[in-house]
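Scroll down for the structure; my scribbles are underneath it.
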Amino acid sequence: MDDRPHKAHRPAQSGAKADKKGKGKEKQKGFNEKAFAPRSGRRADQQGRRNAERDQTRLHVPLVNRTPDDLPPPVIVAVVGPPGVGKTTLLKSLVRRYTKQTLNDVKGPVTVVSGKNKRLTFIECNNDLNSMLDIGKVADLVLLMIDGSFGFEMETFEFLNILQSHGFPKVIGVLTHLDLIKKAATLKTTKKALKKRFWTEIYQGAKLFYLSGVLNGRYPDTEILNLSRFISVMKFRPLIFRNSHPYLLADRLEDLTPRELVRTSKGKCDRIVTLYGYLHGTNLRYGTKVHVPGVGDLSVKSISLLGDPCPLPDAASEKRRKLSEKKKLLVHAPMSDVGGVVYDKDAVYINVPGSFTRGNTDVPQGEGEQMVMDLQDAGTTLDDAVSRSQIRLFGSSSKPIVVDKSPDGDASDQGDDDEGETEEDEDDSDSAAGSSADDEEPEWSDEDGEEEMDDAEGQPTNTGRSAPRTVLRSLRTSFSTQAREDVAYAESDSDLGEDEDDRRVHFDDGEEADIPSGDDEDVMDEEDEEAVPHWKSNLASKAKEGFLQSRQNRKRDWTKLIYSSQLTPQQILHDDSQSTNDDKANEEDEEFFTVKSRNFLTEDDEVLDMTKEVTREEDLKEWEDEDLLDSLRKCFITGGGGEDADGHDEGYEDVEGDDFEDLEANEEHLDENGAGTSKLKPKSTGHESARAAALAAKKEALKRKFDEQYDDPEESKTDFYEEKKVEINKQLQLNRAEFEDVDAESRALVEGYRPGSYVRIELDDVPCEMIEHFDPSYPIVVGGLLPAEERFGYIQVRLKRHRWFTRVLKSNDPLILSLGWRRFQTVPIYSLDDHSIRMRMLKYTPEHMHCYATFYGPVATPNTGFCAFNSISDETPGFRVSATGVVLDVDRSVKIVKKLKLTGVPYKIFKNTAFIRDMFNTALEVAKFEGANIKTVSGIRGQIKKALSKPEGAFRATFEDKVLMSDIIFLRAWYSIQPRKFFNPITSLLLSDKSRWSGMRLTGQVRRDEGIKTPSNINSTYKPVDRTPRRFNPLKVPNKLQAALPYASKPKLMRAQKQQTYLQKRAAILEPEEKKAIALLQQIRALRKDQVTRRREKQEERKSVHRKKVEKEEAKKDEKDKEKRKEYMRIAGAKSKREAELEEGGRRKRRKT
């Protein structure tokens, strides 16, 4: 029987049991509203209020998001944690996940493309408090790494407090080293405990990821994939401080100081440094002062917009939903070894992997390695190579182009006369190779162009090609004026865009300028026209057509023409917004075959007004219509009435612009015969249809608005939150529409460089220690300062000592503050509001209370958070964040007062008047305090009346009662104090060991560090107090008064008897029997006393044993009572819990009746 297999269970397919189960399943599918409905109306009201409060807690104050939607800046993701927790491994794993590239040495920011419209900048924060402060101010997302096998460390809690003070960004927890915990139960308990503590510090429900172990130097791909997906879809809310300040996380640094200046000053001169990075926050305007934390306030010499080194994929290249593999390979990490190239200070290092020998020709070398060796072998500079180079335009050219370094900079080389080729004049020795250099290295010219202009103004520089190159050639012709005229040729008719005829305009200063005219004038002889090819024929008419077309399509930049003070009248007339030198260099580089010259015509030629648009003859014929002119007369003051005799409006509001047109009104007016006549020419059908569609949409919107207000006016109203969001979005749309048609250069001048732009910021007067001690592992943040933040003053803040900081803070002790972008040391004074009467100074910060602090330092806007430290050294034990607070006011005029007690003693006492001395020194001081309230130690109040002539400083005072000579008189006064003007910026980036910065120390700390003993003052040492006992006179009552007093009140004092009594005088002599009896009694008493003592000792021993036994029984009884109470409370708690669940509408089993 046991060997038989068990029969499989067959569920019932039909019958009562199957029907019963089916009904149960059907009930489970539906939602039972009655089960979750509250039983009482009060409960329903409470639940509704609770839901409304929960919805309101999710809402935040709407803030303007200044991040552009088209090109947002990269999201800064900071990897933070204590040393040895796996920060570098996580960063390498994430970069490998996004870019499929492995970084060997991670230094500085690493920017990758994570999506169609999102980029990430990863940066590792080392275990330094300065780095934590800088990263906490700029990070959008923090990956907080925690060692799961060890737990939370002090640096983690310090960084969380820093984040709370400077605006809390998004935080994701990452648990590592979980593979070191072998037991599953221990691992589960550890995860639960760490998650609970993490939720306590961040918020309930904060995301926490678990990384089990390391495989091949990286974390598992599945876990990194989950983390990267969560990072890619996160949305970020703008923080107030970052939303009002521009800032930049530098990913590259260069030193542009001339090498000769560095050599002559032995490296101690101030440097010119350029920083590269993406802009964040708000717009950065030129002229804004910046602060580099760890260096100080610096002035911006120039800002230039560069090409994006890690661009987002455009819509044309990314048609698919997922990001292409080509775009995934983009990674921008100049300080790391991406591709074997590392940027370090002012040098670029190219790493060739493997063994590399220059002289070894047997080993095959790649193209890149060969280029590096060619660069090392180069013995001449580019200028020397260009000056010795020869260029032949065509293979049939007899003479090459040679650069002539003549003083006037003009060199012309002629070819064969038969071919009619004339080479271009060279104004600069570098112009011959300018076009090729632009094609090969476009970013060099962008970066170095500004320095060349600053160093040598007036010399032509290459600023890059802004339009496609147009190949032009010029013919040499002979004129009587020995002038050369430009004749342009091109490969096609569309390449010709300028007229070749020049005219001249005279200015007030006597200068003459040539401008092109629109007249037809042939530039070649008739006999030469027959010999030229077909495409060269009719060049003058084609040039005129091209010129007229370009005049119509050209848009003038009136902002530059009106407000630019660098343009000459000739340049304004020519609509030339760039400098003449730049035009020369650009045109010589771009239009390789053009000879720049001008025709000097006679003064009688016609002067063409270049500020007006060229009018066409067809446009002028429209104004020959008399009906049109009559319709416009009413628009002028002298034009007569606005209506005709019949009362009809016969004019048009706007003829040219057609800004307004009433489509509902009849476009045709009936004349006397009833025929329809139109006042204007009919418009195009497309234009009319667009106007009709716009008007119909407007009517529809008005009708919908009317319906909403008529049907239910309350539904159309939105709440405050939605209304503010709509208002913010509307303002953003207005701002975008305002600058939509403005070019990038003018827009940068007006509103600054937008966030998301990759810029190059040049800073001057940078301390040389920043370059000498540069370390890429420490972040460099460039924070823009508001105009108000550049000045210094007294700042009042609300401050609270951190509950984990062990010591109290003392007034006038140095304190390190992290406020705004700055980190500095100052000396605060703590105070408290004394019943809104005065600001009373505190010697120490109160326990578990906020207080006020006033200090001298750089001005910060109100509501700016800050955190304070006593020391930022890594060797400081314990919790280093000493206080946190917020800025209240700047340069407040309220005085801080401190209590002052003056003491004096009376030297002559009358009934209620006394003369007091030793309180003041002169009569002038007494006069200042006349009328002040004084008080004795015993509580007798008084007032200062008048100064006395002698002794000096004594005064007369009145009291409410008679004072004693032993009383001490107090004067309670208030003394106004001012905080010290002490400001010491933290320049940690200027040190070789950046964690060893030390500021002002206290006297005790200096003595302890130097081993100096504290000097002792003899008068301050404690001495034994010798107090002589006071002798009081006896109470003497007169005899007459004693006689009048009753017996009970009469004094009962009896004098001591001086004489001996009779018994004292006589001595008692005992008999022998009496002596024996007394001795026996004494012996009996001694034996009795000894017996009683021994009996008490025995009894005490028995009592101690009994007492121990009783204590054990009481302990057992207490344990039983405790268990009974716990069981009772457990049952009572379970019962109350069930009752609460039943009241809340929980499930309840129904009893069958």
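Glycine residues also receive a Cβ, built from the backbone N, Cα and C atoms like all the rest.
Note that the coordinates shown come from a computational prediction; the quantities given were computed from them, not determined experimentally.
What TrEMBL lists as compositional bias 'Basic residues' is 1-10.
The feature compositional bias 'Basic and acidic residues' is assigned by TrEMBL to 17-32 (among others).
Sequence annotations record features per position, and here TrEMBL assigns compositional bias 'Basic and acidic residues' to 42-58 (among others).
Residues or ranges marked as compositional bias 'Acidic residues' by TrEMBL: 410-430 (among others).
Feature annotation from TrEMBL assigns compositional bias 'Acidic residues' to 437-457 (among others).
Residues or ranges marked as compositional bias 'Acidic residues' in TrEMBL: 492-501 (among others).
Residues annotated as compositional bias 'Acidic residues' in TrEMBL: 509-530 (among others).
Per TrEMBL, compositional bias 'Basic and acidic residues' is recorded for 573-584 (among others).
Annotated compositional bias 'Acidic residues' per TrEMBL: 643-665 (among others), in sequence order.
Residues annotated as compositional bias 'Basic and acidic residues' in TrEMBL: 1090-1103 (among others).
Sequence annotations record features per position, and here TrEMBL assigns compositional bias 'Basic and acidic residues' to 1110-1129 (among others).
Here the compositional bias 'Basic and acidic residues' (1136-1146) has long-range neighbours at 35-39, 43, meaning same-chain residues at least 6 beyond its ends whose C-beta is under 8 angstroms from one of its own. Feature annotation from TrEMBL assigns compositional bias 'Basic and acidic residues' to 1136-1146 (among others).
The annotation domain 'Bms1-type G' is assigned in TrEMBL to 73-237.
What TrEMBL records for 1-67 (among others) is region 'Disordered'.
According to TrEMBL, the feature region 'Disordered' maps to 397-548 (among others).
What TrEMBL records for 566-591 (among others) is region 'Disordered'.
If you look at the region 'Disordered' (1011-1033), the same-chain residues 6 or more away from its ends with a CB under 8 A from one of its CBs are 1004. For the compositional bias 'Basic and acidic residues' (1090-1103), the list of distant contacts is empty: no same-chain residue at least six beyond its ends comes Cβ to Cβ under 8 Å. Distant neighbours of the compositional bias 'Basic and acidic residues' (42-58): 1143-1144; these residues of the same chain sit at least 6 beyond its ends, with a Cβ under 8 Å from one of its Cβ atoms. Mean pLDDT, taken over the domain 'Bms1-type G' (73-237), works out to 91 on the 0 to 100 scale. For the compositional bias 'Basic and acidic residues' (42-58), the DSSP counts in helix, strand and coil order read 17 helix, 0 strand, 0 coil.
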